[in-house]
Each structure stands twice: as C-alpha cells, then as structure tokens.
Amino acid sequence: MAAGTAWILSFAYLLAEVFTAAAWNTPYSFARDSISSLGVTTCDVDSCSPMHDVMNSSFIVLGALTLVGAVFLHRHIRSGREKKWILSLAVVIAVSTAATGLFPANDGTIVHWTAVLPGFIARHVVLVLIAWHLWHERRLVAVWSALCAAVGVVGAILMVAQTLHFGLGERLALYPMPTWMAVTGTAVLFALARRTVLARFDFTFARDPRRWIRRAAVESMPTLVREKPGKAEAGRDVPVASV
C-alpha cells in the first residue's frame, strides 16, 4: 500500500510543471523549452521562472517518492540478481532526481548534468529489468513496463539526434517513468481495495440484475408470507371462535 500511495503522488510532479510554466512572463513552450528551464533561479533573456521553488521542490519530492516506493515494492519481488539491480537503479534515479532540484541549470552545465545524467540513463534500464523480471509472474505489468521503456528510449534517441524540438524529445524520454509510477501505484491500490474494502460489497446487480431484483423482492416480503407451515401446523385444526 505504501508503494502504491507514494507512486500515485508522483503524478503531482507533472502538475508542478504546468503550474510553474504558467507563471512565466514570456510564454513557456513544452515542445521547445527544457524541463530544467523551469527550475532556474535567475532571470535572463531566454528563461525566467518566477515559481522555480515549486519546480525544484517537486524534483526533490519526486526523488523521495521514487525511493519510498522502490523500497516497499522491493519486498514483494522474488529474489534474484534482477531484484538487487532494480533497487540499486531505483536509488540512483531517486538521488539523481532530487539532485536535479538541488542543483538547477544555472548552477553550471557540468554540475547540473552530473546530477541529471545518472537518473536519465537508469530509468530506462530499470523499466527493462522490471519487464524482464515480471514477465512470467505479472505479464500485464511487464508489458506496461516494456512499453514505457520503449517510449523513453525512443524519446532519448530523438532528443540526442535533434530530430524533435528539445523539450518534446526530453519529455518523451523522461515522462514515461513518473507515468509508470502513477499508473502502477493506482493499480496496486486498486488491487488491494478489491481484496479488502470492495470484497465486502455485493456486486450481483452488475453481474446479473434479474437475480438481484428477485433476491431484493424476496427479502422485502413479510416473514409470515415467506415461511412455510410445518407438518404439525398443517394438520392442526383451527378453532372457530364462538359467537
């Protein structure tokens, strides 16, 4: 449950981007401008982000949520070499994401990319490992992980090759990970709810409405009408009241 909750909250990172971009005096382009531009703490001609604290804080929070979710999920993955690699790479992603908020782009290209690059690479590798590790046990999760990894790798290639605008290529490369976390977290909590809370409710009406209506009609009848008389009562003479 903790892993699911932590990962669902990662969706707030995407909302933080929208909120921070809306505060720009000059129009921010999600296709052309980089994500890092939202976190710059100084203003120049090309970029000025008044709400940079929101963006940088969201990087740090996303890193923490990534780590919390990975630690709790780690307990439910079968042992193996992939299990250790998955946790190790998740730690790299978490630290790198948090460091992106601590060292914004205006702190220097080398410092900023030293913080960004490890997580940029590790996120695609960890999704591939999750898909490989869960292929025989959780086929749907494995396919979902592989799909996110494929989109991320294609986005990274298009970004490096400058086939797309930088901002669009960067988002294709980076968005699959928080999207994977949010969707997977939702699925985990929904599965838990089905086994606990939702298991207490009767969904007969959704499966067979006529059966549910008949059952409701019988239960609403008076008790004396529904109960059949026993053999002793059936043969007993009913006394006639004297006039």
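Every residue, even glycine, has its Cβ placed from backbone N, Cα and C.
Heads up, TrEMBL stuff is auto-annotated, nobody curated it.
What TrEMBL says about this protein:
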type     : residues : note
TRANSMEM : 54-73    : transmembrane segment
TRANSMEM : 85-104   : transmembrane segment
TRANSMEM : 110-134  : transmembrane segment
TRANSMEM : 141-161  : transmembrane segment
TRANSMEM : 173-193  : transmembrane segment
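Fewer than three CB pairs closer than 8 A are found between the transmembrane segment (110-134) and the transmembrane segment (54-73), and contact between the two stretches is not assigned (pairs 6 or more residues apart). Within its own chain, the transmembrane segment (141-161) has Cβ neighbours under 8 Å at 120, 123-124, 127-128, 130-135, 169-177, 179-180, 183-184, 187, counting only residues six or more beyond its boundaries.
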